[in-house]
């Protein structure tokens, strides 16, 4: 061992270092022995002290980085997972919904353990394709050549799969790979098919062939690493070059390495003597050498070894070959010695860091300042974040289709990504919000993207279009930057500080290139030893670039100019895809291992797997501000003065224009394009600007282009027009994609040709499906058919407004090119021979020639405009020409097979050029320019005098007028008829169409009503006013409009379900309809008024209806269980079944008045039959017809619609012969009517004066009868009607209030047209003013309205929570209501004034309320913890519990004023009961009702609403028998009341002059009281009748506490022994004694003597009460076992929960237990010995308000424990309570009740800590979320 000088320190490894370096925090010995056992250095305040004595920044503690070196700064507690996270077994947190999702998200896989095995397999919908691993993608992505699944399973088994490009090999799975990789020993296909059937593999010149056949780099042969996997590249390696020895080692002659110190030590250490003389220049040993003499000749250190001198050097120096001298070591030359910067010094070195980084304690590595780094990576279906130093793992965005490339903008907090399935570039905020499209057109395979964070630009590569493009961050000003010599650009990286971009290209000549960010100064920096250069990243601090090659399985790096290239990792990289760098680490994704890995960026060592088992990791970035360091913005603050794009370059910047726009100056761009080539490509329409050199195609941003074929343009308005044969429409938009609109979208089948007449602004088109040529204005109006005969698949069309002719190609059975005037005159075939598929047409106005392309003949030809002089222009190399156009001297065409756009000289056909190739699905082509020749025509002046269309015609005529489809021109040749005279009109679910019978062809025209139709079924027409009527069964309306589409209005909007049939009585001015849902036939005036139900019994499914006004009959079909055909008078009288046998689905029905026969169509028997008007002489007209639906008749023909053939047919009405097809290809056909408006209407039976009827006059066979609207009785004069029924039910059903008349027998519900109903619960009626009062718990209001729906006003609009009950005191004009949300009963005047809280204690869930003004009583039900029915005076005094046993949920309550009984429904015990007004003589009326809610009484009946059966029912009120259903199938039934003259009778003292009270008057049994509102209203209030105080009340304490006058002894005469006295906030006795401090208390109207006050008694009573309470509690606990009753089964309802959408009530029937305890609720002992109501089992879907989970949760919570533990406060009682003998005699119920009362009375003075919030966890009624306490007593 060397001996160190006294000045040096001897390291454990034998090294000597300066003593001053010991314990300086630097590892100088290299084995850390100079830093052991050091006194710990004092760390500063902002530093963390490591266990090894180092100090690091406090910020670095627990940041996931081992900064101390001994990991002591990372011994941290695991962070807590949030509620929405799942904790893995290793302590890391993942998103909750990743648990058991089939993906391993925890590193240890614990999120996929113990998962339920019955996870349903995903099933994909019809429009989706299922990938091999279960994911669903859209079916249109199946076999589109893109790997959308990620495993190519969507591209396997594709016979139609696009073949690979030249130079590529196609794997069996459909993947394309480089052809050179076939049989190279490497499996490049995902199914290994490139290595099947290989004889010997062909390795290239720069490759070495392994024994296995695999090819590896030649440079890897004999490099000491087994690259072949069978070591064959390392066999037979002679001593190729010298292996590298370490710097402190010597290379022997035989290749061995020995330590430098062993040189010349006299020992043969090498084994071949090459370390000693004579091979080495060793000084001869003299034996006298000594370190003490001249330091032994050593320059630095000397030591004696085996008697000889050995020289060594200090740290930082190395010994030279002479064995004496020392030389400085340049540590900076050794890579990775310093993380970033390095400065060498004599005998040492110093590391430094770039701005934004800080040197770590090891003094060599740099740490980035700022937050913890996050790895952001795309995972195809989502984008995730992972913290590299921990296993934290979070989701940023999910439900993506196929996210590949991504990047971020740190300062703007944005993330961008490309989706190769949707072909879009998207962006979102870094928190995952605000997802939006940035680039959505013209992308094919955007595989790389990069953000310029300094100049705010987005760059991307597209290997499909072979381009690199740039745009602003929002996608505007998009420009193709590089397009030449690009094959498959993939990864892209930017260096905005230098103004450069770098990208990889894995085409046939793979390379890495760079250029300036404006596209200039492009250079290749690497093009050797590359195959699949995938990922690319720049290390801004280290000034280097790194890339991965998936084929060579290598990660390489180089300087930014490509110099000093070196492999960093060449082992263990199956398929690296993307790479990023941060600090000293590289991170990359690998497709094969589906993982993210890391390694040291200098050495490639320390490889780690960060995450594996990922779905499909794609691009990766480190999200950290130091990855986007600040730099100089070359464009400055004003965008460099550029109008559009400012792009930086290495020195300065360039102004650039969006693709296709030319520069007008150094800084400005043109605002529009003047000439460009326009072409269609099925899914998009593109343009190639002729204003710029690059000829890049640019997609016009249009929506919903599915299959564009034909194009044209109009430079006058900058419009581009196109046809789409998928959506069968013609659309237009401005050339830049704005202002897109559909011009024509009806009655098109295959619009394949399009032409614009730019002179008269007309649009011409051909339709190969309908074989027609049509014309319209350019906005689609005034459309008409020009040519409909002798066309067989017309294709292209061109118009020549100069010569006024149009030309078209027709490629049917005999292909031809024809010509006609632009008004269809002078039609002539000009070319008919040697044509196969004549496609594109073009006119050369200059040389008067017509050019055409023929895809069958594979030629482009021309001829003169009359067809003469025909010549072939181009006859070779035209595989399949399609579109054709001329511009300047060139002719341009598209070719389907060559997939290219080409051009040639238009005169010679020479000089051919290809503008664009590799374009699939090319269609029409045009050149947009602004030089079309102007033409003067007569149409330009006053439209040629035409009323509608003015069309150009060949000279001499010049022009002609024509009319829209179906309308005839009048004899003057200029004007059109006002509309169609005779026509068919039919419904097609989403529209109504007409077919004119006035013209020689059948063409359907849409009735252009400006309203959305959903499911239009029946139609009818009023020929007199020219209006169409229709029913829509989805919208549940009957509407009407003029035949031109104007004057639309809904006439019936309520009470409809499925209106299948409709008939207009044009003579009697009525509309009749059938409704299959309600099984009714109704009639009304044409405006929907005076609606009446005509037939309602014995109807099963009425459908078609027809009228015969002259005979007074109506006929209808019924396709129910027993299908039949019926007849009755038009007033519903004399009903008769005409035919009831051999009918299946009688759909259509028509009456033939001239032939006196009835015709009908039956879709089941597939016949059209006829019979006489009385049903006799039945015969079959036509059979079979496939599925007839609508049937109608006009003149001698019948017309019908057929669902199966999707067509309208016609036949002779008498013989059934001459069947023809009127219109085909019309899915969704429904009803049809044939109309002739020229026919006289007929004679009205009701004559002039409506037959003398006040309302409806309806014909019948022998005349007519007067009738009233539904529910109203005709008076005895048989002519007049009352305005409304006398007695009727009013009921609410959430969104409506309806009435059912009890005067008539039909019991039809009629809607009361009150506006703005949302969720109506409770109702009452005031017979004095004739108003309905109702509560709406959605708006939390009480409102009133007249019976006709008018004068709606809000009575109470604030301070309401959940008003369940409502009652009008019609005598005193007061309104009472219960509020379950606030647990109060309140009162106000009927106009909402004088509001006052009557009762607000001992109320739990008050529900229904009723008043008995004659007796002065108020009744209410309470379905709270202890259900009860109570009574009090109308002022709230003398409160008394009437019933509190054997009650479940007392819901509804009503009074029978005649028999003086109360009736109530119990929704838990499912019964209806009654009792007298004192709660005695109780009896059960009906014992089995499913879920009653509200009830009412009239005459001898009790009526109630039932939630489960969704019906209103009634029984006899005396016997409970004769149960009937009044109305069935009503969703959301709520309250019900009776309006009757007998109901609201009687009077009381408040009835006259409000009893003399100024504000509120409350009648009581024998007297009345006046009271004041809770909130003064500014008017003086007096509690003395007839006295108006002069001054407004003040509320000073002294006045308030004055003793009010008491009441003469009646209620204070004897001590009260009932429990009533403890109810009420303040008993009368308290009031009398002056113990109340409530200012606005009601005061008795009678006067009497005052009572004496004794405070002592009060104190004694309080003590007594407390003692009683303690005794009661002991008994209560002792006896609690009696309350738990295991016999009570599940509760199957939670009571009223009214917040709802329209979900049905799902009810689970659980058999009720036979034994019912006297208790009305269940209890069980809780852990704290308090009572918790058993968890309610909810099965009512009602409480779901649009699926709101919290509503469920509220209901599911267990009712909070009540009354368990004594409160720690004293409750002052000042009332006499004598409890019989002792509390021991109280039974359970009473004890419970007493405690209940004590608790609620005391609750207002509870201490804060006494109890949890009072209603904290009670089940809400489902309307409201948890609420905060709103009154003092709740707190």
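Placement of Cβ uses the backbone N, Cα and C atoms for every residue, glycine included.
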For which of the residue intervals 1611-1632, 1633-1654, 1655-1676, 1677-1698 does TrEMBL record transmembrane segment?
1655-1676
Pick from 1593-1630, 1707-1744: which range does TrEMBL record as region 'Disordered'?
1593-1630
Taking Cα atoms as reference points, which of the disulfide-bonded residues 16, 171, 252 is nearest to residue 38 (disulfide bond)?
16
Who sits close to residue 11 (disulfide bond): which same-chain residues at least 6 apart have their Cβ under 8 Å from its Cβ?
17, 29, 30, 31, 33, 34
Among 115, 189, 228, these being the disulfide-bonded residues, pick the one whose CA is nearest to that of residue 131 (disulfide bond).
189
Cα-Cα, whole number of Å: residue 252 (disulfide bond) versus residue 149 (disulfide bond)?
59
Measure from the Cβ of residue 38 (disulfide bond) and count the other Cβ atoms within 10 Å, all protein chains considered.
13
Measuring Cα to Cα, how many Å separate residue 183 (disulfide bond) from residue 50 (disulfide bond)?
56
Cα distance, residue 68 (disulfide bond) to residue 100 (disulfide bond), nearest Å?
38
By a simple count, how many Cβ atoms lie within 10 Å of the Cβ of residue 183 (disulfide bond), its own Cβ left out?
20
Rounded to the nearest angstrom, how far is the Cα of residue 198 (disulfide bond) from the Cα of residue 189 (disulfide bond)?
14
Can you check how the pLDDT averages out over the repeat 'LDL-receptor class B' (543-585)?
91
How long is the line from the C-alpha of residue 210 (disulfide bond) to the C-alpha of residue 198 (disulfide bond), rounded to the nearest angstrom?
15
Which residues in the same chain, at least 6 apart in sequence, have a Cβ under 8 Å from the Cβ of residue 198 (disulfide bond)?
182, 183, 213
Would you mind reading off the Cα separation of residue 257 (disulfide bond) from residue 4 (disulfide bond), to the nearest angstrom?
26
Which of these disulfide-bonded residues is closest to residue 228 (disulfide bond) if you go by CA atoms: 23, 50, 106, 115?
106
The repeat 'LDL-receptor class B' (761-803) versus listed stretches 499-542, 543-585, 848-890, 1330-1372: most Cβ pairs under 8 Å:
848-890
Report, as numbers and ranges, every residue of the chain located at least six residues beyond the repeat 'LDL-receptor class B' (543-585) whose Cβ falls under 8 Å of a Cβ in that stretch; write 'none' if there are none.
178, 181, 186, 188, 217, 220, 225, 227, 336, 339, 357, 365-368, 373, 375, 377, 388, 491, 493, 495, 498, 500, 502, 504, 512, 514, 525-526, 529-537, 591-593, 598-604, 607, 617-622, 624, 626-627
